[in-house]
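Features as listed in TrEMBL:
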ACT_SITE  His320  active site, tele-AMP-histidine intermediate
BINDING   Gln104  ATP binding site
DOMAIN    13-338  domain 'RNA 3'-terminal phosphate cyclase'
DOMAIN    184-286  domain 'RNA 3'-terminal phosphate cyclase insert'
Amino acid sequence: MDGDRVEIDGGIMEGGGQILRVSTALSCLLGLPLRVRRIRAGRSQPGLRPQHLSGLEIVRDLCDGKLNGGEIGSTEITFTPGKIKGGTHIADTKTAGSVCLLMQVAMPCVLFAASPSELHLKGGTNAEMAPQIDYTVMVFKPIVEKFNFTFNCDIKRRGYYPQGGGEVIIQMSPVKELSPINLTERGTVTKIYGRAFVAGALPIKLAKDMSAAAVRCIRREIRDLYINIQPVREPDDQAVGTGSGIIIVAETSTGCLLAGSSLGKRGKNADKVGIEAAERLLQNLKHGGSVDDSLQDQLIIFMALAKGVSRVKSGPITLHTQTAIHFAEQLTKAKFTVTKSEEEDPGNDTYIIECQGMGMINPNL
C-alpha cells in the first residue's frame, strides 16, 4: 500500500485486461484508491488497448472518480473512486473491442448505485477473446440473476471485427445486497438449442452449414435429444460490417446452462466453425460441472460481493478464474476455497468453488 492506495501488479497470473476489470470494479465499489502497474506486461502489445481504456473511463464516470495514466499504451494507472451514481453512461471502444467486457467491469458497480442506470456500450458484439453478446443474453444473464438482481439487455446493433460499430443498452436498478448462489447440482441435459448467424455480405447458407455441422457433431455423443440451432441472417439495419458465428446452449433439469461457441473468419470453413462450437459444448458437458469455462470467472466478483456462502461446481479451474479469485481476495474480505469434487466418477475433473462473501451493502438505499 502507498498511503492507503492499493497496489496491483497487472503482469501476474492471467496478466491481461481481466486484472484491470476486477480491480477497478472493486476499487469503485469499496471506495479504495488503486494503482495498477505493469498493465498487460506480458502481452505482444503491452499497456492499455482501446477497450481497456473505455472500461476504465466508464467506471470513472459512474462514480465521478479520478483516473491518471488513462492513455492507449499506458502501463500504469492510478484511480481514485467517488460515489457511485445512476443515470445514463456511454462507453465507446471506437474499435471492435468487446461490449461484453465493458459490461463485466461496469455491471457490479451500478448494482450498488444510488438510482437506476442505463449503460450504452459501443464496440464489437461478437468478438474473439471475449464472450459473444448472445452468450451474455442466453447464459450469463439467467445465471447471474440468481444473485437476486435483474437487468435488461437490448442489442441495438451488432458490430464485428475489424470496425466494431455495435451498440448494446443495459438497464438495471440497484440492489440493497446480493444473495449467494448454489450451483452444485448439474442435473441431466434436457434440451440443446442455439443460433448460427451471418451478417453483412455473407449468405444464409453459411449459417445453415454451421448449424448442420454442429448438430451432426453433437449427435455422435447425444442421440436422443432434439437439437434446435436456428440459422439467422442479421437484418442489415441492425448489423455493422460482415460477421458470422454460432452459439449452442445445453439446458439441464436443474436450470444449469452450459455453452459452446465459435466465430467465423475469412478462409475458415463454415463446417469447422459449427464443429468447433459443438466440441466446446461437449467438452463443457463432459466434466460434470454446473457452469462452463466461460461463466466460471464471470461469477467470481458477484460471489465475493454476495452475503453468505456461494458454491459453484465447475470443470477445471481456468487461469482467468484463478486470477479473479486472487484479486477479489486481495481487495475484499471474501474468502474462497477450491476443492476437488469427490462424489462422482473419479474420472471427472470437477471442482467446488466456495466463497464466503463479504456481504456488500448498498449505502445509497
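Here, residue 1 is simply the first one shown, and the rest follow in order.
A Cβ is built for glycine as well, from the same backbone N, Cα and C atoms used for every other residue.
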In chain order, residues whose C-beta lies under 8 angstroms from the C-beta of Gln104 (ATP binding site), counting only those at least six residues away in the same chain, are Arg21, Ala25, Gln298
The predicted model's mean pLDDT over the domain 'RNA 3'-terminal phosphate cyclase' (13-338) is 97
Cβ neighbour count (10 Å, all chains) around the residue listed as 'active site, tele-AMP-histidine intermediate' is 19
Residues in the domain 'RNA 3'-terminal phosphate cyclase insert' (184-286) per DSSP class, helix first, strand next, coil last, are 36 helix, 37 strand, 30 coil
